[in-house]
Amino acid sequence: MLRFASKNATLFARNLTVSGARQLHGKASLPPLPYAYNALEPAISETIMKLHHDKHHNTYVTNLNAAQDKLCQPDLDLKSEIALQAAIKFNGGGHINHSQFWTIMAPPSEGGGKPITDSSLHKSIVEKWGSLEDFQKEMNGALAAIQGSGWAWLVKDKEGSLHITSTQNQDTVINAKVIIGIDAWEHAYYPQYENRKAEYFKAFWTVMNWKEAQRRYETN
């Protein structure tokens with residue numbers, strides 16, 4: 001009886017912990033685009049935006065919720081829990097990465113592509129890289145160097161310094177503040193640019209939302 005009670009108590013504690021952790025953030029949901037599907041043209045086509053947002057991002061959200069629902073099952077063994085971590089990491093990362101991606105772009109009519117030269121972020125970029133153009137070249141180089149799929153990032157570390165880095169697949173930035181994140185997966189550009197991904201990287205800057213980047217930079 002004592003063994004049985006102990007086992008039940010352990011399962012109850014585990015289920016309570018898993019359930020509690022699950023309730024902290026609830027189910028993921030697909031965020032709406034902050035602009036029309038065709039608002040970023042000609043840099044990014046309406047076709048790509050519909051495919052990228054409605055299909056790819058939505059798939060990450062669906063699969064993340066499915067994996068987390070399975071994680072809450074009371075009879076789930078440890079081996080199955082471990083197996084679910086890969087799905088949560090991949091789809092959770094995809095959801096986080098894409099959620100910031102939509103807002104780091106803006107239509108040219110709403111300031112997209114227009115640097116804010118008197119902002120603290122612009123001044124920090126120029127101080128570190130010499131010019132905005134040199135910074136963009138290095139970001140584009142980081143994107144081009146990604147083998148397969150991934151993201152390039154401008155991040156602010158805990159000391160407030162800016163760095164360019166990259167991650168593979170849907171790995172997301174954990175230990176730094178994301179200022180800019182650019183998607184280098186083929187689904188972000190291929191229907192429009194095909195294998196000319198360097199053209200996509202260059203075109204991205206024409207819809208870059210510097211107001212949002214500045215807001216992120218100022219936020220701790």
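Every residue gets a Cβ built from N, Cα and C, even glycine.
For reference, TrEMBL has these:
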{"type": "DOMAIN", "residues": "29-106", "note": "domain 'Manganese/iron superoxide dismutase N-terminal'"}
{"type": "BINDING", "residues": "His52, His98, Asp183, His187", "note": "Mn(2+) binding site"}
{"type": "DOMAIN", "residues": "119-216", "note": "domain 'Manganese/iron superoxide dismutase C-terminal'"}
Ask   = Fewest other CB within 10 angstroms, which one of the binding-site residues His52, His98, His187?
value = His187
Note = Here the mean pLDDT of the domain 'Manganese/iron superoxide dismutase C-terminal' (119-216) is 97
Remark   = Same-chain neighbours of the Mn(2+) site, Cβ within 8 Å of the mean position of the Cβ atoms of His52, His98, Asp183, His187 and not counting those residues, run in sequence order as His53, His56, His57, Phe101, Trp185, Ala188
Query = Residues with Cβ closer than 8 Å to the Cβ of Asp183 (Mn(2+) binding site), same chain and 6+ apart in sequence?
reply = His52, Asn97, His98, Phe101, Trp151
Inquiry  = From the DSSP assignment alone, can you count helix, strand and coil residues within the domain 'Manganese/iron superoxide dismutase N-terminal' (29-106)?
reply    = 52 helix, 1 strand, 25 coil
Ask   = Counting by DSSP, what is the helix, strand and coil composition of the domain 'Manganese/iron superoxide dismutase C-terminal' (119-216)?
value = 45 helix, 22 strand, 31 coil
